[in-house]
Amino acid sequence: MILINGVEDGDTIIPDAHVLPASCLGYKDGLLVKGYLNSTSSPTAAISFQGTLIGKSKIAPQVASFSSRGPSLLSPGILKPDIIGPGVNILAAWAESVDNATNSFNVVSGTSMACPHLSGVAALIKSAHPNWSPAAIKSAILTTAYTGDLGGSPISNEQNVPATVFDMGSGHVDPSKALNPGLVYDIEPDDYNPYLCGLGYSDKQVRTIVQRKVNCSSSIPEAQLNYPTFSISLAPGDNQTYTRTVTNVGRANSRYMSVVVTWKGIIGVEVTPNEIEFKEVGEKASYSVTFTRLSSTTSFRQGSVVWSGHDDDGVFFSSFSQEASASGLTDLETYIVSVEKPAGLLESNLHDWYTTFLPEATTSLSSNQQRIVHSYRNVITGFAARLTPQEAKAMEQKEGFISARVQRSFPLHTTFTPKFLGLPQNILRAGNASNYGEGVIIGMIDSGIKYDHPSFSDKGMPPPPARWRGRCDFNGKQTCNNKLIGARSFVSTARGTDLPWEEAYHGSHTSGIAAGCPVEGANVFGQANGTATGIAPRAHVAMYKACAVSCYDGDLLAAIDAAIDDGVDLLSISIGPESPFPFYYDVIALGAFRAIQKGIFVSCSAGNDGPYPSTVTNDAPWILTVGASTIDREIRATVKLGNNVELHGQSLFQPKDFHPRQPLPIVHPAAISNNESAAVCEKGSLKNIDVKGKIVICHMGQLRIEDKGKEVKDNGGAAMIVFNEQDDGYTTLATANVLPASHISYKDGLVLKNYLISTQSPTATISFQGTLIGKSQPAPQMASFSSRGPSTQSPGILKPDIVGPGLNILSAWGVSIDEATNPFNVISGTSMSCPHLSGVAALIKSAHPDWSPAAIKSAILTTAYTADLNGNPISTEQNVSATVFDRGSGHVHTLRALNPGLVYDIEPDDYIPYLCGLGYSEQQVRYIVQRKVNCSTPTLIPGAQLNYPTFSMVLGAGDQMTYTRTVTNVGRPFSTYISKVLSPQGVAVKVMPSVIRFKDLNDKASYTVTFTRLENVTRSSIIGQGSLVWNSIGDDGYKVVSTIAVVFV
C-alpha cells in the first residue's frame, strides 16, 4: 500500500504499524506518483525498507502539519503557541505490545507527545533552580529557543516554507540554553488579575478563575502583561508603549544592551533604556518598548528585541510583531547572502552596496566586529556575514534580497582522518605532446601549502603566463616562485583570515600529486623509493586555502571567487559535502558553474562514503567527479600462521629487527570481551586483556590503524594484525605503524578466524617483503571507500565520471613522519584521485589550450578503459565486476585522452534547459547561472538529453526514449566513424545515422539514440550497462566510447 498526503499535510509523514508492506509519502512525492500513473498504461512499483535512518534529513525540526496554530482567539495579545518540541514519530512506553516484544513500546504522533518533552525540560530547569516560579521557568524556555533547522535554514512548516511565529511560537526548545537564560520575565499570580479584567471579563468570571474576590476597576491590555513575547495589533499611524521587567538570574555585575530587528519604514521600535545593568543576582530592571506603525502595509510582521550580554553574559530574546513575534539563536553565525545586483552598479562599489543589507541593529550589537566576512564578485552576487537569525530574517524586506542561509562545514575527502592512512603508488606521466602541463595554472582549493617543500621548487620552470593576476600572502615573505605562483587564505578567524601555510597537510599532498616537480629519492621509511613527480610537473600551482580542520562553504566560495579573478585554468577541489545537495544549494556546484562560464575546468572528489549506493557528491554535470581506485604496488607484510598458511597484507613500517625465534601467541580481544571498543582496539580497551608479548588481532572498524597500534604497544603487545570488515573487502592499507603489523583483507580475515577456532594455542609471525610492483592483482580495482552512484540530484547524468589512483598515494607532506629531510607521506581517499585527474586535465589543456572544460572532460571519459591489467573487467573491493555506478566511464587513460578523435562539447547556456528540466524554479536556476532565465516548457530537457559523453536513464516496462548527441571532430580532417553498440541486457539500442563523416577539424555531426526496454527478457540485475562506440576508419584507430547506464523500474 502507498499512502499519499493531501496538500494540507505536506511533508509530515507518519510511519504507522501497518498490517502489510506500505509507505506513506509526502504531498510532493505524491504528485510524482500521480504523474507517473498518468504517463503509462501499466504502472508498477516496488517498496523496499531501509530501517531507521538518523541525520539524513537536514530539514529538521519542521512544524508538523497537525500542530495547531495561532493567533489565539481568546487572547490575541499573548503569542500562542509558546514553543514547539518533538511530536512526530515518538517512541515511548505502551500498554501492550504491537510487535510481540517483551517490553512494549510504540511510536505515535501528536502534540500529546510534544507536551511531555517540554514538561521534562521544565523538570530539568526546576531541578537546577528549585526556587524559580512557573513564569520564570517558562521565560527561560521561550527566550532561549532556536528558529533554525539542522541545515541552517529557518524552521519550515509542513509545506517546506518558513514557519511563522503563529506556527512555532518562540521556536524550538533548547534545553541546555534554557538552564541558563541570563534574564527571566517573572509574573506573580496576582499580576494576571488586571490582565483578565482587560479581556473584558466580569468580576465574577475573574473570581471563578482566581478563586477569590476581585475588583476590575483597574485593567491592562494583554500585551502589557510581563510576558516574554510581544503580540500586538497596530492601525496605520498607531503607536503603543509597553513595559517589561526582567530579573537577573545570570551573574552579578552584568550589563545588557538592546538590539532591535524590525522593518525600515514599516514598524518603528524604540527601547528605553537601551542598556541595563545588574550588580546582584536576583536584581530587577524595567524597560519600555514603543511600537509605531509607519506604513499602511497590511500584512503581519515579526521581529525581536534582543538583550545581548557583554562578554560572556549571553544573548536573550524577546520577540514581537505587528500581530506576531519570533525568537532567535544565541550566537552570531556566518550566513551566505545572495542578492540581485542593480543594473549599472560597478564592481568596485559592490562591497559598499552589500553593507546596505545589514540590519541597522548590527552596528549597535558589534561595533568592534567586522560583520561582512567575504564579498563575492564572481561565483554569486552576494556576501558572507556574521549575523543572528533575526538579522538574516530582517534582510528579506530589502529590495534585491534573494536568500540567506547559515554556512555549512564540508570535510576534506581524504580518509586520513576517519579511517585510512596509506603509502605511495605509481604516479601517472604523459608524453611530450602535452609539454607536461607547461603554461597551465592549476588552482588548488585546499588547506594551504608547505611553500618550501622540494616538490614546489621552480628549478627550470618558466615564469607564469601574463594573464596571471594573483598574489602571494605569506606575510610579505618572498616565498612564492615560478612553480608556486600564488597563495592566499580565506579561512575566517577571530583576527580576519590567517596565512596560507599548511595546517592539515592535505593541500601539500594534493598539490604534489597534481603538479609537483620531480624529487629524487622520495620515500617513507625507505619504502616506495623513487622519483616523486606530479602528473603535470611543469604546470604552475596557486593555493587558495579554504580549510583548516574543517572547510566552511562561505570560505570555499571566497576561494573560488578569487581563483576566477586571478586567471587560473583549472580548479582542483578535494572537498565535498557529507551528503548531496541540490545544485542551487551547493556552493561547490555554484562556484564551479561560474568557473566553467569563464572557461575554467573543475575537477572534484566523489566522496569517501562507499561502497554504498547513491553516496556520490560533487555530482553536477559541469564538474568532473572522480572516484578512487588502486594501483599495482603494495608494501607487503606477510602473516604466517601456525599451520603454515600465509596471508599477504600491507604495512609501511617494516622493522628490520623483528625476527622472533619462534611464532608468537595470538590474542583476539573480540573473542574475550563483549566490548566493541576492544574488538577494534580503541584507546584504553586493552588494559584488562593480557596482550603482553603477543600478536593482537584488531577489527578494522572506523579507528585509524596507527591508533590501534599505539593501544596494542602501550599494553605490551608485540605485533598487530588488522583485518577488514566485509564492506572493505580487498582494500588494504600500508600504514606508518608504531609496531610490527599487517593489514589483511576481509577474505584473509575469515581464514585467520577459522584458524583461531581450530586450535587452542594459535600462533603466527609477520615478515616484511618491502615494496613490490606487479605482484598485486587485480589492478586497478575500486577502493572500498570511493562513493558510488547513481546520482540522487540528477539521475540522468552518470556519476561518478571516472576513477583514478586514490589508495596508498605518496606525495608531499607538511612535516616528516620518518625524520626525513624532505617530508613525504602516504594517504588515501578520493582527495588523492581528484588531483591525478586535475593533472591529466592540465596536460590536455596544455596540448589543446582552446578546448572548453566540457571538451576536456569528454576527452577523459570517452578514452577511459574498463579492464584491469589481467584483461578482466575492473572489479570492486569484493572482487566482483564493478558497475558503471562504481567506476563511471572507467579508469583514466592519460595518453589516449590527449588525442580522443571526437569530443562532446557543452556551452554554459546549454545547462539552462537541463536545470529547468530538473524542476528547479526560475529563481533557483538564476542563482546558479547568475542571470535571468525563462523556464518555459519548450526549453526544458530531461537530464539524459544534455550533450554529455555518457548516457544514464531510468526505463520502466515498455518505455522508449530517444536522445540526441552532437560530436565535434578534433582528430583529423576527412574522417569517417562507424557506430558499434554493446546493448545493456534487456534494452534495444538504435543509432541514427550509424555512420558520421567530417571534412574539416572542428566540424560537428549529430546523431540520435533510441533506447527501448524489451519485454519478457530475463535480467540478472536492476542495473543495465553497455556502451556506444564510434570507431574511426583508417590508421588513426580512434575509439570514442560513451558508457550507457540503465536503471530498470
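We count from 1, first residue shown onward.
Cβ from N, Cα, C; glycine included.
Note that TrEMBL annotation is computational and uncurated.
As written in TrEMBL, here are the features:
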- 56-149: domain 'Peptidase S8/S53' (DOMAIN)
- 224-309: domain 'Subtilisin-like protease fibronectin type-III' (DOMAIN)
- 334-403: domain 'Inhibitor I9' (DOMAIN)
- 437-870: domain 'Peptidase S8/S53' (DOMAIN)
- Asp446: active site, charge relay system (ACT_SITE)
- His506: active site, charge relay system (ACT_SITE)
- 677-751: domain 'PA' (DOMAIN)
- Ser831: active site, charge relay system (ACT_SITE)
- 945-1046: domain 'Subtilisin-like protease fibronectin type-III' (DOMAIN)
For each of Asp446, His506, Ser831, count the other CB atoms within 10 A of its CB; which of these active-site residues has the top count? Ser831
Structural state of His506 (active site, charge relay system), classified by DSSP into three states: helix
Dominant neighbour of the domain 'Inhibitor I9' (334-403) in 56-149, 224-309, 945-1046, by Cβ pairs under 8 Å: 224-309
Using C-alpha atoms only, work out the spacing between Asp446 (active site, charge relay system) and His506 (active site, charge relay system) and round it to an integer in Å. 7
For the domain 'Peptidase S8/S53' (56-149), the number of residues DSSP places in helix, strand and coil: 28 helix, 12 strand, 54 coil
Express the predicted model's confidence over the domain 'Peptidase S8/S53' (56-149) as a mean pLDDT, rounded to an integer. 89
Look up Ser831 (active site, charge relay system) in the DSSP assignment and reduce it to helix, strand or coil. helix
Roughly how many Å lie between the Cα atoms of His506 (active site, charge relay system) and Ser831 (active site, charge relay system), rounded to a whole value? 8
